[in-house]
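For reference, the structure discussed in these notes is given below.
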Amino acid sequence: MHTTEQRAEIRRRFAAVDTSNVADALDVLGRTGQGLSPSLAAVSGERVAGWAYTIRGQLRPYEGAGDPAKMEACQGIGPDEVAVWAGDGDGVCYFGELIALGLRERGCVGAVVDGGVRDLRWLRKHGFPVFARYRTPVQSIGRWAVTGWQDPVYLRGATTAWVEVRPGDFVLADEDGGIVVPSELVDEVLAAAERLTAREVSIRAALADGLTLAECLARFGHV
């Protein structure tokens, strides 16, 4: 288990590497199915990095002015965590501006949503980063309800049908897409991704100094 301070530092370090290097590090370890579907793309901000806090729900017509379970779930999130939303609510939003502000009050640093969101103009104004599968103005109240949180959930995958996300896994998303690092591999994958990043920096510098790509790869190896 990592301490609160260690979790914050690990998040800071992951935010400085690209998903491509994280994916390559996972491949070396035989975890080749951790990439998220390209359909999960940035709708607010450009980058999400944090520890997974999972929330799931389903289409289930109900009466009332709100979803108490959603509010309870959101109250449990903490600093340096990313809200990871999953479910079967195609066509409706899982959350919007106000839920995002409530999450941020608790220290949440972004969201990855295998579903819909709304209030994008305001999410962007507030600087709350979100990767989602679609956008929609249709609210969830009366249509889609939270059924659990901090349980394993499944998000659409890039090379597999589904990617399991467990509470405490690490989620990173950037311009290239999203990737999930299993909690037991966080330290090893981060160190490997940092080494790959440093090698890329050296290659870029050598190219700028006039070396050919072939010479750089011979000197530094492939990345």
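In case you wondered, yes, glycine gets a Cβ from its N, Cα and C as well.
Feature annotation from TrEMBL assigns substrate binding site to Gly96, Glu97, Leu98, Ile99, Arg118. When secondary structure is read from DSSP and collapsed to three states, Ile99 (substrate binding site) falls in the helix class. Using a 10 Å Cβ-Cβ cutoff, Ile99 (substrate binding site) registers 23 neighbours.
Feature annotation from TrEMBL assigns Mg(2+) binding site to Asp119. Under 8 Å, Cβ to Cβ, and six or more positions away along its own chain, Asp119 (Mg(2+) binding site) finds Gly96, Glu97, Leu98, Ala100.
For the recorded site, Arg118 (substrate binding site), the DSSP three-state label reads coil. If you draw a 10 Å sphere around the CB of Glu97 (substrate binding site), it holds 17 other CB atoms from the protein chains shown.
Report note: the substrate site is defined by Gly96, Glu97, Leu98, Ile99, Arg118, and the residues of the same chain whose CB lies within 8 Å of the CB centroid of those residues, excluding them, are Cys93, Phe95, Ala100, Leu101, Val117, Asp119, Trp122, Leu123. When the Cα positions of Gly96, Glu97, Leu98, Ile99, Arg118 are compared pair by pair, the longest gap among these substrate-binding residues is 11 Å.
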